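Have a look at the structure below before the remarks.
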Amino acid sequence: MGSEATLLLCLFLVADLDTATYAQPGNSRVGKVPLKPSHYLTENDNQYWLDSALAAMQQKLDTDPIRGTAKNVIMFLGDGMSVPTVTAARIYAGQLAKKKGESSSLAWERFPYLGLAKTYCVDKQVADSACTATAYLNGVKNNYATIGVNAKVKRKDCAGSKDAANRTASILKWAQDAGKATGVITTTRVTHASPAGTYAHTSERDWESDFDIANDTEVKGVDCHDIAKQLILDDPGRNIKVIMGGGRRKFLPNTVRDPEGQGLGQRLDNQNLIRMWEQDKSERGSKPQFVFNRQQLLDLNILETDYLLGLFEASHMRYHLEADPTTEPTLAEMTEAAVKLLKKEKNGFFLFVEGGLIDKAHHENWAQMALDEAHEMSKAVETAVRLTQESDTLIVVTADHAHTMSMSGYPARGNDILAATEKSDVDNKLYATLSYANGMGYREAVLVKDADGKDACTRFDLANDLPDRKKPRYRFPSMFPNIDETHGGDDVAVYARGPWAHLLTGSHEQHLIPVVMAYSAGIGPAASMPHASAAAHLRTSPAVVWGLSLSLVLILYSREFPLS
């Protein structure tokens, strides 16, 4: 080998060595050890905070965007998981681990990229889970309570929803069109608004079964497939490899008893959609498995399963704090089964995972239940991170909309997040750290006698609630009464890791999310957009610059003084 060729090979090895330093999970340069606060320092020392800030900054400096193509995309959706919910859930999780909690982190808070998404519908300032699902899954904003159709379709407009020109396609459909496997997991009914956003086209989110359509008093003669039927019989629903959640009654006739004895099915058309699902997959030469309890899921032979349908409750799944752990799987367990099954596919997969009961708990002013459900979703995210590689899997964690829960007062550091904080300086009564703008946690004013013996009204004293405050169904205080606490209109956080995750930073519209996910995977509307070449983003690190300079000098030297 000639001297110049030898030197060029050395240059390549130097550059490759430096590149390898970056090619770790998260593209972090592992050659530098992050600064950490010295063990003898405490939070009372200046240097403790400066060292921790320098360490955090160094981690950011050492993290380069991943610009390869994502083989897999996993989207986690915390229904109603507002920013205050994330903050309070972080503290809740930390306090469960016997820590103060404020400096703890949920799984997605360790992701390198964060943005904010605007959640309004075309016709509503504060959104619901239907129009937002169409935005973050289909890339199109539409009207309140409608799913998988554009804003030309008004609520309950069956005819409009059947017009192909008004229908939208989801990232799940884009993934299937690209030859990828797909999955949908939720803790709500699988026909509920958020999961339905992956496969359904409907002008009414509540038309989950034909029973629901027949009992809608506002319309007559509706000739549209209900959401459950769309999932089992229509594209792309019938091609989804993994479906798990609740809602069995939406799939069973009203003459068929639930397999766990939870009453009868709900369907009026006498169609057993579960049996039809099994038959369809078998006729296509595939191996389907239907499961309805935790043990069946844990016993599942992944290698002998092509399609999985898991319906674990007649309606929504139970809250984690109230579920029977022997019969109902956790969100993390469902996520693990789904990822392992979908990873068998050579072309990769798209998986949608919803922590849907965060929202349900907030609607009841059950703050503890909501925080616990967010904590459970964090465990599911940790599972997905453990089972995938950051280099080829984009993971996005976000919420569809906010709620009205706030975290207020001046509680002491480490104060129980579920407790009262301090007393009002007006009426000298306790108030809670967590409270809602509205809902059933509202307490009527109490009639008392003032100092002059006259009748007067005063606020309910939360000290009377001390025995109940740790109960999961304790309703946290609200400002005014409402049967269901409402959603909030604030922006929601978007956390991301993996290929092209950095595109989700900043403040942006919610419908950007699926387009970025599609671009990452090279599918859907972004399939024709080439990824920027790696060469265009080559980092001119000190080692590369040094290697180039040294090699140039040696090449010039070898020409002047050839090797004998």
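Easy rule for this one: first residue shown is 1, then count along the chain.
Placed from the backbone N, Cα and C atoms, the Cβ positions cover glycine too.
Those TrEMBL annotations? Automatic predictions, nothing curated.
What TrEMBL records for 1-23 is signal peptide.
Residues or ranges marked as Mg(2+) binding site in TrEMBL: D79, H192, S194, E354. If you take the C-beta of D79 (Mg(2+) binding site) and look for same-chain residues 6 or more apart in sequence within under 8 angstroms, you find S129, T188, S194, E354, G355, G356, L357, I358, D359, K360, A399, D400.
Same-chain residues at least 6 positions away in sequence with a Cβ under 8 Å from that of H487 (Zn(2+) binding site) are, in sequence order, G80, V126, A127, D128, H401, A402, H403, T404. Among the features that TrEMBL reports, Zn(2+) binding site is placed at D79, D359, H363, D400, H401, H487.
Following the DSSP three-state reduction, the secondary structure of S129 (active site, phosphoserine intermediate) is helix. When other Cβ atoms within 10 Å of the Cβ of S129 (active site, phosphoserine intermediate) are tallied across all protein chains shown, the result is 27. Summarising the annotation, TrEMBL assigns active site, phosphoserine intermediate to S129.
With the fewest other C-beta atoms within 10 Å around its C-beta, H363 stands out among the binding-site residues H192, H363. Following the DSSP three-state reduction, the secondary structure of H487 (Zn(2+) binding site) is strand. One way to see the shell of the Mg(2+) site is to take the Cβ centroid of D79, H192, S194, E354; the remaining same-chain residues with a Cβ within 8 Å of it are L77, S129, A133, T186, T187, T188, A193, P195, G355, G356, D359, D400.
According to DSSP, E354 (Mg(2+) binding site) sits within a strand segment. A gap of 15 Å separates the Cα atoms of H363 (Zn(2+) binding site) and H192 (Mg(2+) binding site).
Counting Cβ atoms from all protein chains shown, S194 (Mg(2+) binding site) has 28 others lying within 10 Å of its own Cβ.
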